[in-house]
Amino acid sequence: LFSINMKNKLVAFSLVFLFFLPALVSSECTCDEDADDRDKTEALKYKLVAVASILIAGAIGVSIPILGKIIPAFRPENNVFFLIKAFAAGVILATGFVHILPDAFESLSSPCLPEKPWGDFPFAGLIAMISAIGTMMVDLLATSFYKKSNLTKQKPVNSDEEKEVHVHTHSTHGHAHGSVMLSSSEGTDELDLSRRRVISQVLELGILVHSVIIGVSLGASESPKTIKPLVAALTFHQLFEGMGLGGCIAEAKFKIKKAALMAIFFSLTTPIGIAIGFGISTVYSETSPTALMVEGIFNSAAAGILIYMALVDLLAADFMSTRMQDSPKLLMGANIFLLFGAGCMSLLAKWA
């Protein structure tokens, strides 16, 4: 199935990226760095705290919506789930616009990079745009694929595309005839479910790319003054992003094993990035041209993915739905939670 292939490609891409990242960012430094506040021992303590807190926060965040099978209030059919999802969509949108995209522009416009071509053109914006368009194409191709697949499975017997199944029942005193109508809306539901699965996988891809980048940057730093504020900021960062991803996973209705695998993979990505950064800290430099290019390109791509997913697949899909439009109270609450989520995540940009 297309969704299985997408998931396999997601895992393969992430693993390859994690494997080759140390080699890509280990070039020599070309700009001077401030070494006055370096303290490896103190920095190591904060890194260990960061690994534990980020791992726990990510696991809690991504698990909250998935626990809908246990906690009725978190089920997709309840209004509370819509409010949580609106909050998480605001978080993801702010992550793309306020956190990742500015970092990408900063990296690709750094004076440590050659003036040509990096100083002559806003590559960060171009890459983010291409990434958003590419995400839309994947979305459309997946939807088209599932639509055609479902149409071939349906065998309508009349113009209304409905099947009438006659039921013959007997009893002691007589018998009766009736009919059961099987609507083709089941195929539409299956198509919607398949699309939600693609959405959750593409969203996780965008989040994972960014998570690796910030993990490596934190792990490679040897400045306690830099790491200390990042610990709390990134902990909340993972908590909120996890809620957004968890909401999509819950709506995709994956089997328990698949949902657990996606949740675990998300929870471990940033800690793994920190571990990689710690391992290459002796050769890694945030101001080296190669590191700046790798971080800038991947952050730009991640920003494009997250911005598209937040606006189109999360916000537009929910806010334009009949359920939301028919309930002014739910619509008002969703708007408030959306602004609250975007505001909280934007505020974290002061520290991370």
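Even glycines carry a Cβ here, placed using N, Cα and C.
Curation does not apply to TrEMBL; its annotations are automatic.
Now, the feature entries from TrEMBL:
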- 1-27: signal peptide (SIGNAL)
- 46-68: transmembrane segment (TRANSMEM)
- 80-101: transmembrane segment (TRANSMEM)
- 121-146: transmembrane segment (TRANSMEM)
- 261-284: transmembrane segment (TRANSMEM)
- 296-317: transmembrane segment (TRANSMEM)
- 329-349: transmembrane segment (TRANSMEM)
Practice prompt. Take the transmembrane segment (121-146) and find every residue of the same chain, 6 or more past its ends, with a Cβ under 8 Å from one of its Cβ atoms.
Written response: 2-3, 6, 101, 104-105, 107-109, 190-191, 194-195, 198-199, 202, 206, 296-297, 299-305, 307-309, 312-313
Discussion item. If you count every Cβ pair below 8 Å, which range out of 46-68, 261-284, 296-317, 329-349 shares the most with the transmembrane segment (80-101)?
Written reply: 329-349
Worksheet, complete the sentence: Answer key: the stretch among 46-68, 296-317, 329-349 with most Cβ pairs under 8 A to the transmembrane segment (261-284) is 46-68
